[in-house]
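Scroll down for the structure; my scribbles are underneath it.
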């Protein structure tokens, strides 16, 4: 390891790795944004990466590094040893974009990564900090790309036409001149595929699930958290055990029972089943919160002549509104996203939930921009709720351990 | 002088409190009983039964009624009774009908009783697929058309007792024998193990890495945290289909990208080739669930006291040493809890694989196999047998879980 504790060795090595990462990222980004063909080149990355790693030790000003690298990268992009190869028919604009984009993403982070590294031998601290900064940078690029690309592709695909999709699967530019025509898939889904009704069904089933879940789990959670009775400990533990039963195992007998009683294919059946899948989670999250509330306030209420139920209604619930909000949000999300039971129990298109409706779009006759438009319609409401109430969400998720 | 003795046993107040507690818990317990415990027992029952999907519709008698020869001299009411099942006989059939006003039965056949206008007929047995026709001559003094309409709009009621496989005393070990005999079973177990082990470790390690990234204050930290939670929050159906389209062998962007970059010459069928498909569904599982572990690990990291790190700084510990000797031991508790939970949930996962590959190309795990046997092959009994295998595995895991986890973190 000690061999590497020298900035003249570590600098170029990190530079080469960083150049490879950045060249790939920039090439993918430019391909997606412009639709033209870009690809990373190994030789160019080796040369410019090593150079940047050495130069960053000499030139501490990031902008000078970027400027120098830009000139080199643009010049090299016309040769065979370019860090990012640009297809032959592309104009100078594409070369400039690739060159400057690459230089910017290589030069500036390299000067940050090697910040504080002297020339020559490094101490263990300096070396590890440089490596950590390199890994951090890589992490940001990696995670952001991994998370964003599927969602980006989902949205962009839904805005395209069949012809465009087949012509170039890499081209995610949007032809803005089409105006409202861009949203044709959405319009068709609502007009011909009954998505308005699916949306409404999903919405009210989710709301009903939240209400029923709360109505069942609030008293239960209060009893487990506050009241003393035999079996309290065992009960609060075995709630967790219900998490451990796979849904598909329950779905099979439920399917049989519903087929025999005629509840299959009915909204009532779905509304009966969904809350039971969420009650244990809600109960577990709520009892954790109730335990944290001061018992003295409730005792004061009892002394003043309130009954237990009145205490719950007038004291405990108003105090636990934040917890109720996060539990409701979480339960809403589970019910909205639920797929398996809806898929098995609903066959009649007039009663589909949104997820079941999207599953029915998955056939070779239906163009895939419709499928993606359906996916966007299902995703946007949860995302909006989630981003708006993210604080509640993360707190609720970490409050009780939660089912995935 | 008497000494105060602490009361023994439960007093009336404690009893009232316990009663209230059970009352408050009753709705939850009842619903869990009905939807979790009962189905679990049912699964064991069904797994020993030779049940097909078709058997769910029990044999039932069907009846049609009409007035024949209405314009001729001797009109008659005809009941046609049929056994809907081709395999099971029906016994103790009871047909009951109301003869409309203005219609007079001339003759009541054997087995039938007429009380005022109510006709009741009983038959002992109807063979599988068997039919039975009953003809009752009538006299219609009044308007014959009105009588015909009255007779044909009023539906007769019919009932019968048929043996249902689900409730009969017939048991078999066939389901389990077939399950363990099939060579495929061991590939299913293999796929399940691969998916569970790598999916769990992957999600934990990737989540740990993500938590390390975000465990510092900087602008945009909140935005990134929100973004990294997206895969977990979005509906599984939406993200699964996005992945399918992204990795499509014919028009997927990833293949186009790989070909353009010269990594491969031919398109790769990511979700259709063994063993790549199994790796891909595992990667999907990691992608979708790393946010959960990341969130828990981050919450734990932020609660670690910073004094410790300052002390380590004074002692000259390097960044990697601080991670290895300070952070990691502090995180061990939450990591082991997450490992056990994620292990079981990954083992239980069904929708992800079902949507991505449908269980083809070597990705059929135990849970997918339940669906495959019960619905695709319409052998409910075999599906239940797989479910029983799953439950036995889970029992082992839970034993493990309660044994080791309760010590680790106060769950």
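Placement of Cβ uses the backbone N, Cα and C atoms for every residue, glycine included.
Bear in mind that TrEMBL entries carry predicted annotations, made automatically and left uncurated.
As written in TrEMBL, here are the features:
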DOMAIN    A:199-389  domain 'ABC transmembrane type-1'
TRANSMEM  A:12-32  transmembrane segment
TRANSMEM  A:38-56  transmembrane segment
TRANSMEM  A:63-81  transmembrane segment
TRANSMEM  A:93-114  transmembrane segment
TRANSMEM  A:134-155  transmembrane segment
TRANSMEM  A:203-227  transmembrane segment
TRANSMEM  A:239-261  transmembrane segment
TRANSMEM  A:267-290  transmembrane segment
TRANSMEM  A:311-336  transmembrane segment
TRANSMEM  A:371-389  transmembrane segment
### Query
Any residues 6+ beyond the ends of the transmembrane segment (A:267-290) with a Cβ under 8 Å from its own?
201, 205, 208-209, 212-214, 216-218, 220-222, 224-226, 236, 239-240, 242-243, 247, 254, 258, 316, 320, 323-324, 326-327, 330-331, 334-335, 338, 341-342, 345-346, 351, 353, 396, 399-403
### Query
When each of A:38-56, A:239-261, A:311-336, A:371-389 is checked against the transmembrane segment (A:12-32) for Cβ pairs under 8 Å, which one has the most?
A:38-56
### Query
Looking at the stretches A:38-56, A:93-114, A:239-261, which one shares the most CB pairs under 8 Å with the transmembrane segment (A:63-81)?
A:93-114
## Note on the structure
Tertiary contacts of the transmembrane segment (A:371-389), defined by C-beta under 8 angstroms and 6+ residue spacing from its ends, are 151, 154-155, 157-158, 185-186, 189, 193, 195, 199, 202, 325-326, 329, 332-333, 336-337, 354-355, 357-358, 361-362
#### Entry: Sequence-remote partners of the transmembrane segment (A:203-227) [C-beta within less than 8 Å, at least six residues beyond its ends]
235-236, 239, 267, 270-271, 274-275, 278-279, 282-284, 286-288, 290-291, 295, 298, 308, 312, 316-317, 324, 327-328, 331-332, 334-336, 353
